[in-house]
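Working notes, beginning with the structure itself.
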Amino acid sequence: MSQQTDASPCGGVVVEFECDDVKDSTAKHTRSIPGEPNCESLIYLKGPKFLIYVSGALSMWGDRMWHFAISVFLIELYGHNLLLTAVFGLVVAGSVLLLGALIGDWVDRNPRNKVAHASLFIQNISVTICSIVLMLVFSYKQRIEEIWDGWLTVVCYTVVIILADVANLASTALTITIQRDWIVVITGYNRGHLAGMNATMRRIDQVTNILAPLAVGQVMTLASNVVGCGFILAWNLVSLIVEFFFLSRVYRIVPALSVTLPGIFDPNGLPLVRSYSNTKIPLASNRSSNVHLKEITNLPLCFRRFRWLVSTCKDGWMAYYRQPVFLAGMGLAFLYTTVLGFDCITTGYAYTQGISGSLLSLLMGVSAITGLMGTVMFTRLRKTYGLINTGIISSCLHLGCLLLCVCSVFAPGSPMDHSLLVPYFSSTSSVSQRQKHTYPLTGGSNQPLLPDRSSIHWTNNTVLFDNDPSGTTPESYISIILLFLGVITARIGLWSFDLTVTQLLQETICESERGVVNGVQSSVNYLMDLLHFIMVISAPQPEHFGILVIISVLFITTGHSMYFLYAHKAKRKHRLDT
């Protein structure tokens with residue numbers, strides 16, 4: 001029994017494979033043959049899936065440690081002031097927003113092994129150099145501040161932010177390469193195996209998101225910031241060697257990874273035409289295209305490069321808009337504009353409501369467990385109801401749980417000033433009379449939906465409250481209990497929905513556009529995260545948090561509505577085709 005799947009509609013890649021259930025039963029029958037040595041475990045350990053898992057775990061662990069540590073380092077460097085953290089968050093988000101399409105286009109145009117190795121090398125070397133600079137600054141901070149009237153300190157801060165931003169861009173490219181392209185090829189475009197690898201990679205990400213910051217935080221607490229930098233430096237060097245070796249081996253044992261689509265380039269290496277398989281260009285179009293190419297090649301090199309950058313960004317966004325899963329991708333991006341996650345914003349609000357740090361750590365652990373439950377639910381729902389229906393079920397579960405967060409705004413114990421929900425007809429207390437609070441200087445965890453997170457959405461690490469909390473406790477804990485109950489339970493549907501859209505992007509995007517479209521998706525994610533950043537700056541007080549919760553739920557509802565519209569169109573198209 002076999003089924004035929006068009007895994008890449010635009011690219012024309014058609015793969016024959018057995019049904020998942022039949023294939024699994026065949027494998028089990030083969031392993032159960034008596035008298036044969038059981039070497040299945042050894043084969044798995046040498047196989048591409050296990051190598052990708054180990055490489056991904058090392059990369060994610062290093063990313064999570066670095067994301068945690070850099071936010072703390074920047075606060076420590078600037079005398080517990082939050083300016084550097086805010087600047088860094090804006091630089092990182094803005095760079096991915098502007099360069100996401102270019103990064104994706106670079107991934108598409110180059111051989112897979114070169115892209116993976118270059119991204120890996122740039123990321124780890126940037127973090128290593130940045131760690132060395134931080135060690136020097138922490139060790140000789142007073143001397144550095146005396147040189148050039150303190151301007152050398154500004155130079156060091158600038159170098160740290162630039163290197164960390166370069167590392168984040170390289171991490172984005174590596175995520176697009178491995179988790180959006182290599183995994184699809186390794187699974188042979190088998191949807192069941194693809195869902196399993198996506199879920200496993202997300203489970204690894206969930207575990208490292210809790211353990212990695214805890215590990216580096218203990219090192220920094222028990223030793224010093226300098227030792228913490230040295231620990232991160234050593235980890236990146238070792239991880240670079242191991243990941244390089246594992247990815248090289250995966251590239252050798254999976255021949256399909258070496259297949260690339262050709263393109264047309266000018267004498268300076270700039271791409272002129274992106275070629276697609278199964279695309280036929282009429283003769284008249286070819287002639288006009290040749291005239292256009294001659295006009296381009298007659299321009300000076302600097303103008304050609306600038307024109308290529310602009311056209312690449314434009315073509316990337318247009319390619320993203322043309323995708324059948326455009327609405328689903330936009331729906332996923334809208335979920336980034338939220339304060340309903342375990343970042344510094346929600347953590348700081350919880351502190352103002354009398355929640356201790358130890359209890360918050362416990363709640364983060366519970367949220368990680370519910371996130372893992374979401375990955376398990378995704379694989380089972382996809383197998384039973386199909387991928388599109390899995391997204392619908394996950395959306396409904398996510399929205400249903402977030403209704404508890406909306407109820408928390410009006411529940412007893414909420415600091416929300418309900419007069420803020422109506423236009424300023426009623427008198428409100430002045431800002432000077434309102435009690436100001438602060439976020440604790442914890443190195444925050446990232447927004448749960450990363451992209452290639454990890455991406456990692458650094459803007460959530462910015463602390464926005466002004467002074468220390470007064471230590472007063474609310475009259476009732478009902479509001480904060482409902483808030484965290486909604487946030488924790490919603491992560492089941494959240495992760496399942498995230499995996500659904502991720503796999504839809506993997507299955508439907510042409511191989512020739514896979515990098516650039518996912519690069520644009522990362523840009524859209526960061527754009528929506530920037531809106532969340534601006535939203536919190538506009539309403540930083542605990543009394544405003546209820547408004548942020550309501551706005552977040554509205555954005556999330558809009559995102560899921562986009563997915564519902566996509567699902568309706570996809571099902572209608574399927575009925576018409578059949």
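Including glycine, each Cβ sits where the backbone N, Cα and C put it.
These features come from TrEMBL:
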type	residues	note
TRANSMEM	82-103	transmembrane segment
TRANSMEM	115-138	transmembrane segment
TRANSMEM	150-170	transmembrane segment
TRANSMEM	222-247	transmembrane segment
TRANSMEM	325-351	transmembrane segment
TRANSMEM	357-379	transmembrane segment
TRANSMEM	391-411	transmembrane segment
TRANSMEM	476-494	transmembrane segment
TRANSMEM	515-539	transmembrane segment
TRANSMEM	545-566	transmembrane segment
Contact ranking winner - 82-103, 357-379, 391-411 against the transmembrane segment (476-494), Cβ under 8 Å: 391-411
The transmembrane segment (545-566) vs the transmembrane segment (357-379): 3 or more CB pairs under 8 Å: no
Contact yes or no, the transmembrane segment (325-351) and the transmembrane segment (357-379), 3+ Cβ pairs under 8 Å, gap 6+: yes
Surrounding residues of the transmembrane segment (222-247) on its own chain - C-beta under 8 Å, 6+ positions past either end: 51-52, 54-55, 58-59, 61-62, 65-66, 69, 72-73, 76, 113, 116-117, 120-121, 124-125, 127-128, 131-132, 134-135, 138-139, 178, 216
Cβ-Cβ under 8 Å with the transmembrane segment (357-379): same-chain residues at least 6 beyond its ends: 195-196, 199-200, 202-203, 206-207, 209-210, 342, 347, 350-351, 390, 394, 440, 442, 445, 448, 484, 487-489, 491-496, 499-500
